[in-house]
C-alpha cells in the first residue's frame, strides 16, 4: 500500500472534538482523514483543504459558504456533511459521515465487468443522488468510479454514496467565473462530458452515464477506441 504524505499536516486533535486517525486519501485540492468524535466515540471523516488552496481569506470564506449549501442535500445516496469549520490552527475542513466501504473504481479493478443487475442498481442510486443535488442547484462535476462509494446496508444490499461534493462544488463555482478568460476545464478528462471541453458549464447527461459505461465495459467514455482527448482551443 502506498503511503500518503501530506505537507503541513493538521494537529492530532481538531477543535477539541475530533481525534485524527489514518489518512484515507488525498487529491489535488484536499486530503481526508479518518477521525473519532471524542465525546460520542463515533467514526467520522475529515476532509481538509490543502494549505495552498486556502491561502487567502476570500477562498476560505467561499469554501465555508459553499459547504453550508451541501447541508441541503437530503439523499441516502450522497455522503452526509455533518460540520464545517475554518480554525486558526489548521486548514478549513469538512466533517462527513465515515463510509465503511470501497470505491467503485477499486471493485472494477477486481471485477472488470459487473453483472447487469448489479451495475443497473449502482447507476440508479448514482442518478438518485445527483437528481437531489441538481434539484437545489449543486453540480458534482467529477462523477467517476473513484467518487462512487459502495457500502452495505443492514440487510446486506448495496448502498451507493456519492462523495467529493464539497471541494468539487467550490472549485467549480470559482471556475465558472473565470472560464471564458482561462479556458480551463475541471474534472477528470476521461469522464468529462463534451460540453466541459467546449467551455460550457451547463451539465449534460454524459457525465452521469460515465459510471454506467465503466461498469459495463471497464472503460471510461473518454478512452474508448478512436477517442482522443484534446485541450480546448
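Any Cβ shown, glycine's included, is placed from N, Cα and C.
Listed features, source TrEMBL:
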DOMAIN    18-233  domain 'Protein kinase'
BINDING   47  ATP binding site
REGION    208-233  region 'Disordered'
COMPBIAS  216-233  compositional bias 'Low complexity'
All-chain count of other Cβ atoms within 10 Å of the residue listed as 'ATP binding site': 26
Per-region confidence, the domain 'Protein kinase' (18-233) (mean pLDDT, whole number): 78
